[in-house]
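Working notes, structure below.
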Amino acid sequence: MTFTASSSSCAITESPVVVALDYHERDKALAFVDKIDPRDCRLKVGKEMFTLFGPQLVRDLQQRGFDVFLDLKFHDIPNTTARAVAAAADLGVWMVNVHASGGARMMAAARDALAPFSKDAPLLIAVTVLTSMGTSDLHDLGVTLSPAEHAERLARLTQQCGLDGVVCSAQEAVRFKQAFGAAFKLVTPGIRPAGSEAGDQRRIMTPEQALSAGVDYMVIGRPVTQSVDPAQTLKDINASLKREA
């Protein structure tokens with residue numbers, strides 16, 4: 001089953017699900033993508049796949065009708081980060097991210113780089129604390145706050161810099177929605193349907209729990225990509241979210 005469209009702008013989905021692609025071979029990635037419907041999810045392309053296959057992979061996904069979250073977590077000096085974010089916007093991605101720990105000047109430069117794109121600009125999201133990190137990991141870096149406290153501090157800085165939202169764990173979502181308002185988007189990895197293995201994500205939730213917590217976009221990987229019937233798995237997840245709503 002293959003779904004095609006002329007560009008990512010043709011994708012129409014109200015689903016909050018973003019499927020994380022994690023493939024070492026381009027053909028296998030596209031074979032998986034051709035089994036699912038762009039009306040049921042968006043797709044996330046990370047560092048490994050983008051390094052292996054480059055911008056053409058993003059174009060291939062867009063041609064199939066999918067919105068793409070380019071998950072490269074830019075973290076560099078302000079000018080370099082701004083140019084990278086603008087390049088992502090030129091590529092037509094739906095969402096791009098930076099590390100909030102890059103600081104206010106870097107995030108503001110990234111935001112300003114998207115101004116020429118107006119309504120066609122991608123969502124600009126900042127990463128707070130990686131979901132694989134616990135308190136001991138932060139202590140190793142000299143951060144004495146808990147992951148939740150550090151994430152909230154970085155999220156507040158992100159909002160002050162005018163970005164669209166943050167990547168955060170689902171456990172932070174309720175507090176973040178209260179602190180930063182409904183318009184501030186929350187993107188959450190580590191989302192796994194009930195019965196899935198935790199993998200390398202320490203702070204996880206089910207899709208239904210994440211929706212109740214206030215998550216706007218939930219990233220789901222192997223429970224979908226390794227499913228024997230990924231299209232049905234997506235439909236089941238979306239149906240459960242509609243019931244929860």
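Keep in mind that glycine also has a Cβ here, set from the backbone N, Cα and C atoms.
Annotated features in Swiss-Prot:
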ACT_SITE  Lys73  active site, proton donor
BINDING   Asp22, Lys44, 71-80, Thr131, Arg192, Gln201, 221-222  substrate binding site
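Its own atom aside, the Cβ of Lys73 (active site, proton donor) has 17 Cβ atoms within 10 angstroms in the protein chains shown.
Within 10 Å of the C-beta atom of Gly221 (substrate binding site) sit 21 other C-beta atoms, taking all shown protein chains into account. Counting only residues at least six positions away in the same chain, the Cβ atoms of Thr81, Val98, His99, Ser101, Gly102, Met106 sit under 8 Å from the Cβ of His75 (substrate binding site). Take the CB of Leu72 (substrate binding site) and look out to 10 A: across all protein chains shown you find 18 other CB atoms.
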